[in-house]
Amino acid sequence: MTRIDVALGGRSYPILIESGLLSRAGQSIAAPGGGRAQVIVTDQTVAAHHLDGFLRGLDRPSETIVLAAGEATKSWANLEILCEQLLSFGVERGDNIIALGGGVIGDLTGFAASIIRRGCQFVQVPTTLLAQVDSSVGGKTAINSRAGKNLVGAFHQPSLVLIDPDVLTTLPARELRAGYAEVAKYGLIGDAPFFDWCERNAATLLAGDTAALTEAIAVSCRSKAAVVAADERETDDMRALLNLGHTFGHALEAEGGYSGDLLHGEAVAIGMILAFRYSARRGLCGSADADRVADHFAAHDMAVAIPGFARDPDRLIGHMRQDKKARGGQVPLILARGIGKAFVAHDVDLADVRAFLAEEIAKL
Ligand SMILES: NC(=O)c1ccc[n+]([C@@H]2O[C@H](COP(=O)([O-])OP(=O)(O)OC[C@H]3O[C@@H](n4cnc5c(N)ncnc54)[C@H](O)[C@@H]3O)[C@@H](O)[C@H]2O)c1
Ligand SMILES: O=C(O)C(=O)C[C@@H](O)[C@H](O)[C@H](O)COP(=O)(O)O
Ligand SMILES: [Zn+2]
């Protein structure tokens, strides 16, 4: 078993990674007080594959709440449904609310846990690669609003993250690729040798090799845990680095209407390519670096171009203005001085970014 601690003083928690962990999760999840039941929140697809096995591995009774699968579930309507169901089960602050699923279930359940009775304990059991390497760790929780992606949410840390790489055997190839974008992100941000590793191992990893997946999950969780411990609430430029590709990516997702036409990880991959190309345009890195990023994702059958439904630069800039990192109307962008050399640029002129996007779109 690999154990990585997210060091947050009295709110520290472990990330446990081991094959087969899902079927013996009861050994790791602390019992709620007084022999009480606990509540599992999941989606229909995950429930069909993994809920029975998970329930068998728990050593106490559990209620379950099963929501629809997909990004549209991160909504006001589902937040209300989930909160009311949790309250109808009499959930108390110390009970376990367990998110069994991908980032959608984790973000929504974590947000509900943050506001039910002004804050309940919750456990993350991520079942997508994306959730195992990124969303289950760090306590960012949210729903999408009409104004944009993740705009309503809270920082609320889980008490435990349980990762079983074996559950990825049922994950569709497209979802594995989308999650892989957030793996490669760690290399692009600050770990050039890890990006080299990605270039050597992506094919094996995307073919479902457990050793490669487990290595990528551990490296990613270690990176994320260190960043979160240093800057839990994104108050300085440390945690903001994890947003590489996201200001562009979230704009693309918003244009897609969270319909499933463009997955979060797919939008992030395109967003990271745009961030590197824009960095090259500003002379911060070489165009060879930007090409290397795009070529890597293209080589593994990932979309690398701005999708057809998102080719209005003014609309994209409108979404980018909603970024939560904006201060006084100034939207910072995560740019790069090379592979593994990302930094937060606070001097971004959105008119220049618009011109860049218009040029990128004209090339398509
Ligand atoms: N909080 C954070 O720090 C953070 C970080 C990254 C992404 N996110 C958010 O995470 C969300 C994306 O998460 P995601 O990519 O996991 O998407 P997701 O939760 O929608 O899961 C993707 C699909 O895979 C299915 N699925 C999940 N596990 C499966 C399994 N083991 N076998 C078969 N099917 C399975 C789901 O039912 C769903 O249809 C986005 O909303 C994004 O904004 C949050
Ligand atoms: O944990 C973080 O911090 C991240 O930025 C991780 C991102 O991969 C993730 O998509 C996050 O939800 C984006 O955060 P947001 O604050 O831009 O909504
Ligand atoms: Zn992300």
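Note: Cβ is positioned from N, Cα and C throughout, glycine not excepted.
Annotations in TrEMBL come from automatic prediction, not curation.
For the NAD(+) site, TrEMBL records Gly103, Val104, Ile105, Gly106, Asp107, Thr127, Thr128, Lys149, and the single candidate of Lys140, Lys185 listed with them is Lys140. In sequence order, His250, Glu253, Ala254, Tyr258 make up the list of same-chain residues 6 or more apart from Lys149 (NAD(+) binding site) whose Cβ falls under 8 Å from its Cβ.
Across the domain '3-dehydroquinate synthase N-terminal' (65-177), DSSP assigns 50 helix, 31 strand, 32 coil.
Contact annotation for binding-site residues (Gly103, Ile105, Asp107, Thr128, His246) versus ligand 2: His246, each with CB under 6 Å from a ligand atom. Note: the Cα of His264 (Zn(2+) binding site) and the Cα of Gly103 (NAD(+) binding site) are spaced 9 Å from each other. Around Asp107 (NAD(+) binding site), a 10 Å sphere centred on its CB holds 25 further CB atoms from the protein chains shown. Sequence-ordered, the extra residues of this chain that approach the Zn(2+) site, with Cβ no more than 8 Å from the Cβ center of Glu182, His246, His264, are Leu130, Asp134, Ala181, Lys185, Gly245, Gly249, Gly265, Ala267, Val268, Gly271.
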